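Peer 1: Below: one structure in structure tokens.
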């Protein structure tokens, strides 16, 4: 099987980006080990602190964030990082050429039940005229991403990665410690009969989403004339991995509870990297009003609605917004 380095070189990734990705993934391998230790290492459960999002931090949130912050700060390739667990950007090397945004442990509420979790990341070029601690450096649309991916910590540790030449899947070979290519240029099926949404929020959805999901649930007796199954992992990384692997539509739409907060998922380190992977695999990614990758960020922890997955199904969903 082909190793990660070989595939990155084939895809034309510059050497410095390859070295940065290797550094980042070394941190992810350390996180994978910590996750696998679980209760044996005393890393389960919550801390007494909250992150900038107002969310109670799990112990593994804090550990994972520190691992990535340390390894990226020391690499020399990174000018600054932005993380879900950090209030502000973290300055690294003033001469670094890249910015890295990440969610160190997506789905961390699943740690205590031994369910799917993962690390999500995106990389952009660092504007050389900006200071390393200037958050405006990160306010670039997703179209500027040079690499994005996630590592899923499941029965095996799997990496989904794109540098703009397709989305590839790799599996961590724990015997030799490297990621091996296991699926090249994955293509998301254009059609699907699966959808992923947190149905407990149904009463808060806007009419287009209410109507669309209602038609899916109606199944073969409704206007879609076929049955759909709902899947929900409660970790974006797990749901997106399923969609990439076998198709589907994933939704975390705007709801009416807080008009000042247009979505649940963060643009820089959740929505953008997943949208990049999905488009590179032939899928679509939208806010309901436009392409996710074209959203111009206004702050590093900005949230957006998310609809992404199988091309034809996302197009069908978006047609409800135009009705």
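From the backbone N, Cα and C atoms, a Cβ is placed for every residue, glycine too.
What Swiss-Prot records for this protein is below:
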BINDING   84, 103, 105  Mg(2+) 1 binding site
BINDING   103, 106, 270  Mg(2+) 2 binding site
BINDING   106, 107, 108, 109, 198, 264  substrate binding site
Peer 1: Just give me the nearest neighbour of residue 103 (Mg(2+) 1 binding site) among the binding-site residues 109, 198, 264, 270, Cα to Cα.
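Peer 2: Among 109, 198, 264, 270, 270.
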Peer 1: Would you mind reading off the Cα separation of residue 264 (substrate binding site) from residue 106 (Mg(2+) 2 binding site), to the nearest angstrom?
Peer 2: 13
Peer 1: Between the Cα atoms of residue 107 (substrate binding site) and residue 84 (Mg(2+) 1 binding site), find the distance and write it as a whole number of Å.
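Peer 2: Answer for this pair: 12 Å between alpha carbons.
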Peer 1: Write out, in the order they occur in the sequence, the residues of the chain not among 103, 106, 270 that have a C-beta within 8 Å of the mean position of the C-beta atoms of the recorded Mg(2+) 2 site.
Peer 2: 84, 102, 107, 118, 119, 120, 150, 236, 237, 265, 266, 269
Peer 1: Of 108, 109, 198, 270, which binding-site residues come within 10 Å of residue 84 (Mg(2+) 1 binding site), going by C-alpha to C-alpha distance?
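Peer 2: Cα filter at 10 Å returns 270.
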Peer 1: Do you know offhand how many angstrom separate residue 108 (substrate binding site) and residue 270 (Mg(2+) 2 binding site) by C-alpha?
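Peer 2: For residue 108 (substrate binding site) versus residue 270 (Mg(2+) 2 binding site), the Cα atoms are 14 Å apart.
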Peer 1: Find the longest CA to CA distance in the recorded substrate-binding set 106, 107, 108, 109, 198, 264; express it in Å as a whole number.
Peer 2: 17
Peer 1: Cα-Cα, whole number of Å: residue 198 (substrate binding site) versus residue 270 (Mg(2+) 2 binding site)?
Peer 2: 17
Peer 1: If you count Cβ atoms within 10 Å of the Cβ of residue 264 (substrate binding site), leaving out that atom itself, what do you get?
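Peer 2: There are 20 of them.
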Peer 1: For residue 105 (Mg(2+) 1 binding site), which residues in the same chain are close in space, meaning a Cβ under 8 Å from its Cβ, but six or more apart along the sequence?
Peer 2: 31, 58, 60, 61, 64, 65, 111, 117, 118, 119
Peer 1: For residue 198 (substrate binding site), just give me the three-state DSSP call.
Peer 2: coil
Peer 1: Cα of residue 109 (substrate binding site) to Cα of residue 270 (Mg(2+) 2 binding site): how many Å, rounded?
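Peer 2: For residue 109 (substrate binding site) versus residue 270 (Mg(2+) 2 binding site), the Cα atoms are 16 Å apart.
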